[in-house]
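Have a look at the structure below, then the notes.
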Amino acid sequence: MSDESEIKRAFEVVLELVKQCNEIVLEGYRTASKRVEVKGKHWDLVTEYDQRVEDVLIAGIRAHFPHHKFCAEELAAATGEQVTVGEAGAPTWIIDPIDGTVNFVRGIQFTCISVALVVDGELKIGIISNPAGDELYTAVKGQGAYRNGVRIKTRNSEQLKDALIGHEFSIGSYEPIREALFERGKRFIIECLGLRAFGSAALSLAYIASG
């Protein structure tokens, strides 16, 4: 799938699926009592809405591209299936159905649906959608990145004192990297313009791409 027309078709298909899934996420925000499960660590939560979004995305993509592979959060948790992203072969979709599930469960409107397509080790498509904030970030390799249809670019700050830093601390529960993570955070606090931990890594990266 290296042909531009094939990439364009894949982008159009998944964009429509993401828009369908936006409604599922918004339904979840309107639902006061959600069924929440803990997958591993106490902060690693999953809801029925995560599963529903992922199911819609995978089923919809498979209907158009039956030979594509998936690296999807809930699929991996349920089946133990491991897909190595970057290998040559079938195009692979990377899916996080709700990135920022803790925010979602608590009603904080900073979560996103995150979908990307990798072909022969190259990222070709990226879509990040925050339905609660009415934000849709899209990118196709070589064609720029957009927020709600308007082209975006990074701020290109060259010094920490001019930079807002996105720094997620939840993975600090993973002991092998804990000290390095906290030490880096301390340096950022001292030297940067400000430190932000929003609770959704993909959406935070979209904000960085927006400057």
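Backbone N, Cα and C define each Cβ position, glycine as well.
Keep in mind that what you see is a predicted model, and the values were worked out from it rather than measured.
Annotated features, as they stand in TrEMBL:
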- Glu73, Asp96, Ile98, Asp99: Mg(2+) binding site (BINDING)
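Features per TrEMBL, on structure.
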residue	record	CB count, 10 Å
Glu73	Mg(2+) binding site	21
Asp96	Mg(2+) binding site	24
Ile98	Mg(2+) binding site	29
Asp99	Mg(2+) binding site	24
Seminar exercise, completed: For Mg(2+), residues beyond Glu73, Asp96, Ile98, Asp99 with C-beta within 8 angstroms of the site's Cβ centre include exactly Asp50, Ile95, Pro97, Gly100, Thr101, Cys112, Ile113, Ser114, Ala202
Exercise. By the DSSP assignment reduced to helix, strand and coil, which category contains Glu73 (Mg(2+) binding site)?
Worked result: helix
